[in-house]
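Taking it in order: structure first as structure tokens, then the write-up.
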There are 2 protein chains.
Amino acid sequence: MEKIHVCIIGSGNLGTALGKILAENAAALSDFEERVNMFVYDELFDGIRLSDLINSHHINEKYLPQIQLPDNLVACTDLVETAKYADIIVFVMPKQFIEDFCKTLLGKIKPNAMAISVIKGFVLNEGDDNGGEVASGSGIQLISQTIMKYLKIPCAVLMGVNLASELTLNRYCEATLGCRDMKHSKLLKDLFSTPNFRVIVIDDADAVEVCGYLKHLIAFASGILDGLQTNENTKSACLRFALIEMLRFIDVFYPGCKLSTLFESCGIADVLTVCAGSRNRRLGEAFAKSDRSIEQLETSLMGGEQVLGPLTANAVYLMLQQKGLQERFPLFTIIHRICKREVKPEELLHCIATMPNIIYHPTQIFPL
Amino acid sequence: MEKIHVCIIGSGNLGTALGKILAENAAALSDFEERVNMFVYDELFDGIRLSDLINSHHINEKYLPQIQLPDNLVACTDLVETAKYADIIVFVMPKQFIEDFCKTLLGKIKPNAMAISVIKGFVLNEGDDNGGEVASGSGIQLISQTIMKYLKIPCAVLMGVNLASELTLNRYCEATLGCRDMKHSKLLKDLFSTPNFRVIVIDDADAVEVCGYLKHLIAFASGILDGLQTNENTKSACLRFALIEMLRFIDVFYPGCKLSTLFESCGIADVLTVCAGSRNRRLGEAFAKSDRSIEQLETSLMGGEQVLGPLTANAVYLMLQQKGLQERFPLFTIIHRICKREVKPEELLHCIATMPNIIYHPTQIFPL
């Protein structure tokens, strides 16, 4: 039987940490070709090409210093060369390049290859300008759906890998792999798992990815409460309402998903982890304590990088607005309005205290 | 129409804080008799009877100093005198006295009175010694069921009031009132609610109380993880598995309950609050960091008072053992064994990392 070729597109800290795992597992498992190509953006580090550094010293000095990488993880600066023999293409890169990368790869990869997206966030679909206030069809397009659309191959998603540092330090981590075809589940589980990195494969790929983007919004909300120095009861109430709105959001916009996915690692567990500590939580806290805009804080605190919580709140709001559902999602709606400084951060407290207490009974998703 | 009389049995910090709310609401609402009796154990404070101090200075110097109480909250050291005219009897006292108190009150109260239990914990039923390893029928008896059994009146439960200090500081708190007869729901909601204390009434009283006792076990587990200085991913995974076992436990032992109750304040929210900070969390942390027994730590850290987490783990284990279900509840089981020092606290990490990933599909409780 032919060996299965794996490649990874992206070499940031998470990409490199996953590349290490994939290469080590590919070397250890007989089903896989040992060599794992890793696409590295062609840039210089201390005057030397980063890809050359990785291939000679087997350390990614720029994005994951001090971690020894296996020799069979091979840096490659040509996207098509990286992926052309791959049966499994793992995408771990900033979301803004995904459409271009797919266009470059289309027709140059194996027709029966499969993709796995570990990309954070979503693609904002601008929609069609119909002269109304909101363009119809605007809102969130799932990254896995974007990959499938442009690359014409199936795409699974891996969510819940929230900290590259914990992966490389071999501290216990869990992730959920949402797979569109469960016949590959055993193979993919073996490819990603380590004794400290537990990968659970389920078939509810869309819900896995939706949990993955909504958590940023919730972590940002949690940060706002920290910035307001509120009490534990309020924070817990906020999380409870956030989980209920998450469930309702999936029910309205992603019918056919499963309630059980909320109890997977990508659901409740990942929400709790990012609320305990993440860039979104930190940005939310800083936002509540100052009068500055999101963009100003991203510049001063986040090295100018866009943080996903406010972006998600905005995109979610666009989707709710088109269906006139803002009132049924008071928490998601107020977070967006707070981000825009239309209302004060303190309004979140009022929203929580007056939240209609309706435990949502889903009608479009599978019950537990 | 006759005014509704309310009394409260217990005057610890939570009892006094709730007494203040009940008396203020009774004075403000026309349905209620203004005077609210509060049973106070006959003890001295600085050489003066505590009940006299409360009735003259309107401050409970021993259990809730610095908080001014309303004049219509009347301390009373005679249990029967406290309750004999009451239509609503609120119990907020240590669980070990509940059976004696009920026996004293039986036949001396209004036959159509109703009880509300805010008592923490449960009654351990010793069961019948049948010569086997575990007495059959041993395990947890709900306090509300105990009150109904001994006092022959219906008993609702109020859970999620986890911090008397937050109530008196007027910080936002939520609680769930599990009511056996929803015809009183509006009245009870009005009696307990304040602008910062939100009471949500549901009809699933048993599940509300079960969430109320299981949370102590989970908070203790969370403390163990803190003591082991584990990472956020592990703590989140533990909470996720704890919620799944909670759901499964209710399904097995309390058929007919509702999944939606897990999403109420008494469920997920209260679990998160006590995991963030509580006596159980602190005891768990200290336990993982030392070699001492639970009893020794209770003596040195908790003023000799029994903490509910280990007691709950023990009682839950007894119930699982009788049905031979330990393997289906690996988390609850390992917590009990850790409490007994049968295994090291580190075994909790192994348990989490090897937990079978089965999202439980309840068969005996109502779906969401």
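All positions are counted from 1 along the displayed chain.
From the backbone N, Cα and C atoms, a Cβ is placed for every residue, glycine too.
Summary of the site annotation: TrEMBL records NAD(+) binding at A:GLY10, A:SER11, A:GLY12, A:ASN13, A:LEU14, A:GLY15, A:ALA164, A:ARG279. Screening the candidates A:PHE97, A:PHE366 against this entry identifies A:PHE97 as the one listed for that site. Per the record's binding annotation for NAD(+), residues A:GLY10, A:SER11, A:GLY12, A:ASN13, A:LEU14, A:GLY15, A:PHE97, A:ALA164, A:ARG279 show a top Cα-Cα distance of 21 Å. A distance of 12 Å separates the Cα atom of A:GLY10 (NAD(+) binding site) from that of A:LYS120 (substrate binding site). Across the residues annotated as binding substrate (A:LYS120, A:ARG279, A:ASN280), the two Cα atoms farthest apart lie 13 Å from each other. In sequence order, A:TYR63, A:VAL92, A:MET93, A:PRO94, A:ALA164 are the residues of the chain that are 6 or more apart from A:GLY12 (NAD(+) binding site) and have a CB within less than 8 Å of its CB. Residues A:HIS216, A:ALA219, A:VAL274, A:SER278, A:VAL307, A:LEU308, A:GLY309 surround the recorded substrate site, their Cβ atoms falling within 8 Å of the Cβ centroid of A:LYS120, A:ARG279, A:ASN280, which are themselves excluded.
In this structure, the C-alpha atom of A:ASN280 (substrate binding site) lies 22 angstrom from that of A:PHE97 (NAD(+) binding site). In this structure, the CA atom of A:LEU14 (NAD(+) binding site) is 18 Å away from the CA atom of A:LYS215 (active site, proton acceptor).
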